[in-house]
Amino acid sequence: MADTEAPTDGAHAKGAPVKNVLIVGGGTAGWLAAAYLARTLSIGQPGGARITLVESSDIGILGVGEGTFPNIQRTLRRIGIDESVFMRESEATFKQGIRFDHWQHAPGSGERDHYFHPFQSAIGPQDLDLIPYWLLGATGDGMPLDTALTMQKRVADAALAPKRSGDADYAAPLNYAYHFDAVKFARLLRVVATDLGVRHVVDTVDAVPLDETGAVAGVVTRENGTLTADLYIDCTGFRAQLIGQALKSPYQSCRKWLFCDRAVALQVPYGQPDAPIPSYTISTAHEAGWTWDIGLETRRGIGHVYSSDHTDDARAEQVLRDYIGPAAADKTARTFRFEAGYRPEPWVRNCVAIGLSSGFFEPLESTGIVLIEVASVLLTSLFPWAGDMTTAARQFNRIMRQRYERALDFLKLHYCLTRRTDTAFWRDNADAATVPDTLHDLLDRWRHRPPEGLDFDLNLDTFSEASWQFVLYGMGYHTDLSAQAGAFRHMDEARQQFAAIRAGTEQALAALPRHRDLITQIYRHGLRPRTPFGGAPSGRANLSSGMAGLSR
C-alpha cells in the first residue's frame, strides 16, 4: 500500500511540502532515478524524501547491450557504487569511444572507411587550441583528427584498456565510459536503491485516475490498491502510462530529421573464450540504417537500427545476420519499434517523465541513458520541496527541451554530411531539407572556423565541442582557414605538441593492459589502487588531480 503519510485522495495541495515520491516503472530509467534520488534527497533521514518504486513483473527490460557516455562515472560515483562492484555485477566492459564504419563513404569506394569518436581530447597545455593547426596541416601527413589529437584511437585499436589495475575508482589516464548488460545493471541499481531505503512494490498498474485539477490522483494496482504520492515519476517506457496516456502530454515526432524507427537485435558469443574485447562501440553504416556492435565479457550485443521507409523488416534482419556471419545462424532476433522524438513538456502538474516516456531518438551516441542521467540530476536540483511544482516544472521543461533539441542536431550531424549516394536512405539524409535549421546555422558558422566553446552551453548541451569536432571532421567537413592563416603564429609549438601526443601514444601502448585481461582481474579481484605518498589509499576524493586531471 502507499505510505500512510501520503494524501489519501492523491491530490497535492498548492504549496504543500513534497515528501512522497512514487516511481512507476523499473528498468534502467526507474532504478537509476530511484538510486540517484535516494542518495541526493536524504531518503530515510529526518526531513528527507520517501521514495517508492512500483514495477510489474510482466514487463521485461530491453537487455540487448547498453552503451554509455563518460558522465556515467560521475553518476555512479554520486550514487556510491564501487567501480569494481558495478563492473562485475553488470558484466561491464570499458568503452573508449565509437568507431564509425562506412558512414562517409560506401564500402568499396576506395576512400577511408572509418573514423573514431574518442572520449579523450588532447593531452597537454590547454592554452593552445590544436584544431586550427591540424586544419592548417601542422601534422604534415594528412593524419586524421582522431589520431592526431589523442592517443585513444590507437590504444583502442590495440585492444587495450583505458586504465590500469592500480588506478583508483573512476580515475584513469584516458577518459572512458562502459558497455554493460542492461538487465544486470538494473538489478544492481535495485539492490543499491532498496539498501538506501527505496520501497519496492512488485505489481501491475492498471489505471491512472486524475483529480479535479487534472493532476495524477494515484495509480491503481492489481494487488496493492491505489498508491498515492506528492510527486509521480513516469518510467514506464514507450507506453508513457502517466505522462502520455493519462496526462496527454504531446509527443513531438522528429522522424522528418531522423528516419530510423526500428531495430532488430541478437546476442552472440565470441568465437574464442579469450577473444579480444573491443573497448569501443562499432557503428557500421548499411543500406538503410546502421548496426551497433557492443562487446561484453562473454558475448557481443549486436543490433541493426533502420528506417522502415527505406527497407522492410525481413531485409533488415538479413542485413544484421550477414553482418554477424555464421554465429547468428541459430539465434532468434528481437525486434523493437520506436518513434524518434520527445515531449516538450516532460513535467506536467505532479508528474515527471524520465527515460523513454520522456523521449527517445535512437541508440546512436548513447543518448538514451545520458538523458536519463540528465533528468535525474535536474530533478534533484529542482526538487519542489516547498510544493511549487509550477516553477520547477517550467524550468525543468525548458532545460530538457533544449537538451533534446541539441542532441537532435548532434545526431543528425552524423548523417547529413555523408557522401554516400548508393541508397535512398543516405541520399535523403544528405538532403538539406531534412536538416534542422539550428544545425544549418552551426554548419554555416564552421565554414571558416572550427567549433568552439562559444557555440555551446555546457549547462544545456550533452556533447562538448570536442565531440562535435571529432564527428564533424571525421565525416570530412571542410573548414577553410586560409583567410586567417597568418593569425596562427604558433605552428612550431603545435608541431611539438602533436609530436608529444605521438610519443605519449607509444608510452601508453607499452603501459596499458589488454582490455580482456583487466576485465578478468576486476571481476575476480577488483581494482587495487596504489597508495600515494603519505600513506592514505587513493580514493574518490582525489579525482580532481593526478591521472584524472588528464580526462576532460
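Note that Cβ sites are derived from N, Cα and C of the backbone, with glycine treated the same way.
Positions annotated as FAD binding site by TrEMBL: Gly26, Gly27, Thr28, Ala29, Val205, Leu356, Ile369. Look at TrEMBL and you will find Lys95 tagged as 7-chloro-L-tryptophan binding site. Per TrEMBL, active site is recorded for Lys95. Annotation source TrEMBL lists L-tryptophan binding site at Glu365. Here TrEMBL flags 530-552 as region 'Disordered'.
Positions of TrEMBL features highlighted on the structure.
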{"residue": "Gly26", "record": "FAD binding site", "Cβ neighbours (10 Å)": "27"}
{"residue": "Gly27", "record": "FAD binding site", "Cβ neighbours (10 Å)": "25"}
{"residue": "Thr28", "record": "FAD binding site", "Cβ neighbours (10 Å)": "24"}
{"residue": "Ala29", "record": "FAD binding site", "Cβ neighbours (10 Å)": "29"}
{"residue": "Lys95", "record": "7-chloro-L-tryptophan binding site", "Cβ neighbours (10 Å)": "26"}
{"residue": "Val205", "record": "FAD binding site", "Cβ neighbours (10 Å)": "23"}
{"residue": "Leu356", "record": "FAD binding site", "Cβ neighbours (10 Å)": "23"}
{"residue": "Glu365", "record": "L-tryptophan binding site", "Cβ neighbours (10 Å)": "23"}
{"residue": "Ile369", "record": "FAD binding site", "Cβ neighbours (10 Å)": "24"}
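Across the structure, Ala29 (FAD binding site) and Lys95 (7-chloro-L-tryptophan binding site) are spaced 20 Å apart at their Cα atoms.
The two recorded residues, Ile369 (FAD binding site) and the residue listed as '7-chloro-L-tryptophan binding site', show a Cα separation of 14 Å.
For the residue listed as 'L-tryptophan binding site', the nearest of the binding-site residues Gly27, Thr28, Lys95, Val205 in terms of C-alpha separation is Lys95.
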